[in-house]
Amino acid sequence: MPPRRISDVNYMDVDSDSDVSIVDDDDFGGRNKKGKGKATDKKKKDKGKSKAKEQPYAWEASYTRSWDTVQEDEAGSLQTAVADLMARSRRRRLLAPSGAIRRTIIRHLILILDLSSSMLDRDMRPNRFDLTLEYAREFIVEWFDQNPLGQIGVVGMRSGLGERLGEMSGSPQDVLKSISERHKIEPAGEPSLQNAIEMARSSMSHLPTHSSRELLIIYGSLTTVDPGNIHETLASCIKDKIRVSIVSLAAEMKICREFSDKTGGQFGVAMNEGHYKDLLFELIPPPFLRSTTTTTSSSTKQTTSIPADLMLMGFPTRLPPTSAPALCVCHSALKSEGFLCPRCGAKVCDVPTDCDICGLMIVSSPHLARSYHHLFPVKGYIAVTTLQDSPPPSQNCHACARPFPPPITSTISEGMSPLSRYKCPDCNNDFCTECDVFVHEVVHCCPGCGK
Ligand SMILES: [Zn+2]
Ligand SMILES: [Zn+2]
Ligand SMILES: [Zn+2]
Ligand SMILES: [Zn+2]
């Protein structure tokens, strides 16, 4: 887009000039003679201008940043840098609470996307909008992988209105389809936080109490155009126990911070592309069950822990593709494949879902098992620093049976084992670096003790 590029260059010129003048005011304001100050001022101005021409976009600067973060070691290899990154995630795992935690595994999330004109800003590459769509797709796929019992709906904020882009659905394909047509969700106008939140709230009002109600707002603008008092919306979100998390692409806004603080969500301002993705992906694991509800000062709510609640679930019968075609209750379409509700025998297309006839929650048992690991996480392995003589240490990794590599002599960061051995605190078996990562991020079960 050549016209935009030119206008951006002009904009950058003005910007760099104003920066320089601020610096000059500080440097030469009182002490130096005016003439000298002016000469340097002009020189700096020219320098700023040429710099702006070389680098018209902020994102072009990030190309120089990317290789600053990965440093080669003395031998010119990148191995230590990679090991350091792995050690960082290991330290984070050890900080996380181990043992059984109560989490909401049946989740309902509404993704609210800012589709205002501020999303066309190019401070992220290629622009905020395209990057958001890309990350949203990755987020949805990963979210469903980790939360197979969850459902996602999509709402957009555009021209002062809230737009329902996708109904609440448990199928990743349906959710991805709602944001797949880029030309239909082209950014325009101003966003309205209140309209979008009210729209999301109304579509969550029917949900049962054992499921979580969450909003994730990706917000690029610094303003909101609201028809009423947004604090009333905040109060009703708190009342409905809706957790609002916000990822801002511009800067912190007081109302956004207030929404996430008071509803127990998370708030973050993305500093760059990588940080933006981190902020989003932090919201993928299911949230802790809030144990304290002592927000109201009156005597009504003073419970410290929510009592365990039994819930009804049905495991459906899967129909083979060769079965006789029948109408499904969800779309009234003639299909041979599908699932039968174990209570009323109605045919549904996809699980997990609530039966349209009897209201029973229908889940498949693999989905339930897959959500299980969030409740009982594998304990973090401890980095082994010295080898003890008794009992004699095993020569091979307990999981993959490969021999351990020779000890690393270069610099070791915290949480990293110089012997590349990581010990399970329960079964005391040693594992190699790769297996440690694989166990905690993919398998979610220790091969030594089965926990
Ligand atoms: Zn159907
Ligand atoms: Zn049923
Ligand atoms: Zn191994
Ligand atoms: Zn173990």
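Cβ atoms here come from the backbone N, Cα and C positions, even for glycine.
Automated prediction, rather than curation, is the source of TrEMBL annotations.
Range annotated as zinc finger by TrEMBL, chosen from 269-286, 341-358, 359-376: 341-358. With a threshold of 8 Å between CB atoms, the same-chain residues lying at least 6 positions outside the zinc finger (341-358) that come near it are 148-149, 151, 170-171, 314-317, 319, 326-331, 333, 335, 364, 367. Taken together, the residues of the domain 'C2H2-type' (422-444) have an average pLDDT of 87. Helix first, then strand, then coil: DSSP counts for the domain 'C2H2-type' (422-444) stand at 11 helix, 4 strand, 8 coil.
Break the zinc finger (341-358) down by DSSP state and the numbers are 0 helix, 4 strand, 14 coil. Remote same-chain partners of the domain 'C2H2-type' (422-444), defined as residues 6 or more beyond its termini with a Cβ less than 8 Å from a stretch Cβ, comprise 83, 86, 89-90, 93, 373, 377-384, 393-394, 397-400, 402, 404-405, 451. Taking H, G and I as helix, E and B as strand and the rest as coil, DSSP gives the domain 'VWFA' (108-249) the counts 54 helix, 39 strand, 49 coil.
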